[in-house]
Amino acid sequence: MDLNNTSRFSVAAPFIPLHIVDYQAPEPIESVAQVIQMNCPLDYACIIDVVKSSEATSGNIAFIVKLLKNISTHLSDNVTQEKMKSYFKVANHILDKAVIPNWAFIPDKNAGSDLLQSVNWFARRFRIQNELEHITDELFIQTKGLHINHNTSERSFSFSMNVSNTTEGILGMIEVPRQELWKLPPNASEAIGIAFPTLGAVLKEAHLQNASLPRQVNGLVVSVILPERLKQILFTFEKINKSRNTRAQCVGWHSRKRRWDENVCETTLDTASKVKCWCNYTNVLMSFSILMSPMSVDNKVLDYITCIGLSVSILSLIVCLIIEATVWSRVVVTEISYMRHVCIVNIAVSLLTANVWFILGSNFNKKAQNYNWCVVVTFFSHFFYLSLFFWMLFQALLIVYGLLVVFRRMMKSCMMAIGFAIGYGCPLVIAVTTVAITVPGKGYMRHGACWLNWDNTKALLAFAIPALLIVAVNLVVVLVVAVNTQRPSIGSSRSQDVAIIIRISKNVATLTPLLGLTWGFGIATLIEGTSLIFHIIFALLNAFQGFFILLFGTIIDHKIRDALRMRMSSPKGRSKAAEEESEGLRSSGWHHAGGATSSEDRTGNS
């Protein structure tokens, strides 16, 4: 710390009765600590009056931070409550909200982090005497402690501290869960909590000096000193800014990296006024808080796109299902065509159901983010989005089946069993496995949203990997069909196959790249610092997936259009058309009983 000698002496000289401070001494701060030990070793009270009477300039603040750091390093062998009170009175002086603006002029940007670490280290050496103690109760730093052991029920202590100029205090609560207390030995252990209402404003992150928008703390900064066996703890923070659109992110202060780490906490509740955080505790992660994520214009643009797109998507999927129900009897004349339309219906149902779960989760998030409810929403969203892709895979397998299998046809019931095993069985296995692996460690969902976690457990890979693999397989199938149809065919029946296979491949060839591109952009948005344009493109593609399925899976198919027009015609016209179609099928050689089929059946065209 590069302070001028005058600043050092203005604070140090008055409470050093022995004239040992040399103006030329390179590190007089160590001498100050020695004098404290000599003159007030029992309570460190001799430094309080002079600190309180000193002007809170940036130089004096930096000196006091250095002094407190030195005390916590060299004078913390036997920390009593009297020493704690003196130590925290000194810290309280430089954390007064009227003094906070002066911290900006301290050259050493790590001063706030040094103060936090020094206070935590000093409090760690304190031994609690009573069952529940209010150790210190200053305006800008409070400390409480309690005894805990493996027989103790869930323990908690709360703080209420004034942050702004209002009379109401901001609340903060620390809860030690029962399952964590089971890890403790029979003999008594200690838990200490320290709360700071203003310290968050002076904690400068080491890797974000050039950030245009620093991450603003929106609650108390709360430190905990726990036995090493305890690894997880629950916090409740009241928001300072209770704006309706203000979301929160639970974070822990990493004392070595000197920055907020969002990967160590999980948000379990986020309302307009308070946030609950489930956090991991280590020796380098002892302090926690919430960061404010204000709704910007960019967020609102994405919200509008998603809202409009989901409305269009849901309406499109309902129309798709209505059309399929209307023309069903006319387009499912063979086993493969039957299964193809089963695929279309289940693709629409899967996406429709996934969208409904997404809306339920989003609306619920705005009110309260209950952990168990969020797990349910995430599970079903994961399951039905996966089902969408696995039914797309089965549709591609039908194309391969139509190309390669000419004579020995599979029974409809067998094809249905395989289709539902692939379309719903595989997603169910993946979704259940993901829940079983990640939920016990609170790593299933991402921060602040009912969707798969990425930062901690990479649970999102349980969706991304299967989906993108299916996209790759389907594209290979489309490529194989394209190459195969370019080869010379022998016989007129084979040339008919080529034309029909091209038609049945159209919706796979169009929907697969669209779905793959959609979730490709989705993965890109997870990369820190991704441009807003990636988020907008993903929101557009994702929200309009239902419209794509209606357009490329139903409307673009001329067979469905013809059947729909015929269905809408007069009953006499429908009867006549049915007779003509039946006669046409008999003349083309449809023989279901013996297993032989025409080219239409071999390809599965509807």
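Using the three backbone atoms N, Cα and C, a Cβ is placed for every residue, glycine included.
Confidence annotation: the domain 'GAIN-B' (147-298) carries a mean pLDDT of 82 in the model. Sequence annotations record features per position, and here TrEMBL assigns domain 'GAIN-B' to 147-298.
The domain 'G-protein coupled receptors family 2 profile 2' annotation in TrEMBL covers 302-557.
Marked as region 'Disordered' by TrEMBL: 569-606.
Tertiary neighbourhood of the transmembrane segment (301-323): same-chain residues 344-345, 348-349, 351-352, 355-356, 358-359, 535-536, 539-540, 542-547, 549-551, 553-554, 560, 564, selected by CB-CB distance under 8 Å and a gap of 6+ residues from either end. The annotation transmembrane segment is assigned in TrEMBL to 301-323 (among others).
If you look up TrEMBL, you'll see 344-364 (among others) marked as transmembrane segment.
Annotation source TrEMBL lists transmembrane segment at 384-407 (among others).
Long-range contacts of the transmembrane segment (414-439) within its own chain (CB-CB distance under 8 A, at least 6 residues past either end) are made by residues 335-336, 339, 342-343, 346, 350, 375, 379, 382-384, 386-387, 390-391, 393-394, 397, 452-453, 457, 459, 462, 466. Positions annotated as transmembrane segment by TrEMBL: 414-439 (among others).
Sequence annotations record features per position, and here TrEMBL assigns transmembrane segment to 459-483 (among others). Away from its own ends, the transmembrane segment (459-483) comes close to residues 382, 385-386, 389-390, 392-393, 396-397, 399-400, 403, 426-427, 430-431, 433-434, 437-438, 443-446, 451-453, 501-502, 505, 508-509, 512-513, 515-516, 519-520, 522-523, 526 of its chain (Cβ-Cβ under 8 Å, at least six residues beyond either end).
The feature transmembrane segment is assigned by TrEMBL to 504-527 (among others).
If you look up TrEMBL, you'll see 533-556 (among others) marked as transmembrane segment.
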